[in-house]
Amino acid sequence: MNSKDGMRYMELVDVYEKLDSTTKRLEKTTILADFFRKIGGEDPELLPVVTLLSLGRVFPTWSEEELGIASKLLMNAMALVAGVRPEDVEDMMRDAGDIGTAAELLLGKKKQATFFTVPLTIQKVHSNLMKIADISGNRSQYKKMEILRELFSSASPEEAKYITRTVLEELRVGVGEGTIKDAIAEAFSVEKGVVERAHMLTNDLGLVSEVAKEEGVEGLKKLSLKPGKPVKPMLAQLSPGIRESVEEMGWALCETKYDGIRVQIHRSGDEVNIFTRRLENISNAVPEIIEYIEEALPHEDFIVEGEIIVTKDGKPISFQYILQRVRRKYEIEKMREQVPLKLYLFDVLYYHGPQIDTPFEDRRKILESMVDVMEDKLQLSNQVKATPEDIWRAEDLFTESLKGGHEGIMIKDPHAPYMPGIRGKKMLKRKAEPETLDLVVVGGTYGKGKRAHFIGSYLLAVQDENNELKTIAHAATGLDDQMLLELSEMVEPLITKKTGRRVEIVPSIILEIAYSEIVKSPEYESGYSLRFPVVKRVREDISIEDIDTVERVESMFKDVQTL
DNA sequence: TCTGATGCGTC
DNA sequence: GTCGGAC
DNA sequence: GTCCGACGACGCATCAGA
């Protein structure tokens, strides 16, 4: 290590390799903690950067910066550097099962011809990646690739492996935020709870590690909630059953679960901002929501949360519509007419100071005191109180919710504080039982990582009135290791064609697929597709003539719409 | 100027 | 979003 | 219980290239 030029990227790569070589969380934590401590001692300015890079990120969570490079562009850049065709890279990637490993192999060959290189530093890698995010406009893809090319040309094969994975933000060394938090706590001898809280409130583990080292517990405790700065929303777990969940809480506040977009709304002085679950600012896309807030809530600093849905004649309509609104930049006024929004508020995080430690029961009361309801535009979530004795209140809410075209119910612990970014048992969700269809496998796509040498996703079809097969969805989740293997073995002899990572398969294997909802599809031959498809089992007991039909799908889709 | 591929966010 | 695997 | 990483559909923005 050279103190003038900063620490070499290779040192970080060694850490990645060590992390990858164990599956034990405690070991990973110690590896990271040791490294953080080392950086803290030798090159403290690098600590926030290294913390982010260890997570496989270039920017902190709250940042709106993005690289605009994913697998395809990256493959092109790799092809350029290695002097091969992009298709060769794709083949290699399929065989290696991972773009990082493919990069390592490709550059390994190339490197033998290279004479010498200037060693990469962590700083250099990070600053070049940050530069990529700033490039836009004409020839931007080319310029981005030039930066990658420069990095690759001075990278060792092993370094290239992790640069590619970092660009894709998929480091895949088994380290996520939980492990990083533990490591920061261990490295700088602060309590884990304090690290956790600081992270909740800032969404910036780089900052947290820096403060932990420089100012310790005192510094971390000073970080706090501020209107204008979004925090990660508290998340819900699946409820195993309404009664069981309510009993476990003692009593519960149950609310309709609306099928829309979760938003966190901040008022800071004169400014109102609306953030999504991943902390993206969508204020410009939903001007009417800002207006409703101006009208219905106090002109004081606050943070509230709710769900935005689309309604027609006061009734909720398909989730697909709201996707037309969230990230829109153009023709906003026009869409505002066509796709009207409604906001249901259900929580408050800040009002006359932080309220996240206030029990939910009381937060709700505060929220109620803040809001002047606007019919059809802004309301509080529909809420009932349920105890084990009158569990029917919750059960009725559930059936009413589904009948009304909503998604189910939330079951909330009245005593719980608001825990940003935590998915715990203080807030549960209960949705309708999924439906199932019997579909035939007509193709597939090879997977990555764990699924590198399997078909990681199956293309499925229904039959039409002429017994022709029409595609309707891909399914990948729901397969355990054993089924993954068995299916691969069944499918292998049926493959008729391979193009890149995709294969075509003689139709014969039938899968039972669960799904939450049928949706209109611009992509699949049947004109429909499935929301949240899950593989349940292989149907060896029926034959291909028995699979479900386009007609059936169509009739079920209409049922859903007319609810 | 238009279209398809790609990226990236929502669920 | 769902799910399975590892701890 | 918790964390992590496999993977699903859709729609808008952006950019390359016809």
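Cβ coordinates come from backbone N, Cα and C, glycine included.
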TrEMBL ATP site partner of A:Arg262, A:Arg277, A:Glu307, A:Phe346, A:Arg423, A:Lys429, selected from A:Glu255, A:Glu288, A:Glu300, A:Glu337: A:Glu255
Neighbourhood of A:Lys429 (ATP binding site) by C-beta distance under 8 A, where only residues 6 or more apart in the same chain count: A:Ala236, A:Gln237, A:Leu238, A:Ser239, A:Lys257, A:Gly408, A:Ile409, A:Met410, A:Ile411
Three-state secondary structure, A:Phe346 (ATP binding site) (per DSSP): strand
Mean of the pLDDT scores, which run from 0 to 100, over the domain 'ATP-dependent DNA ligase family profile' (A:334-464): 96
DSSP state at A:Lys429 (ATP binding site), helix/strand/coil: strand
Chain-internal residues, separated by at least six, CB under 8 A from A:Arg262 (ATP binding site): A:Pro233, A:Thr276, A:Arg277, A:Glu305, A:Gly306, A:Glu307
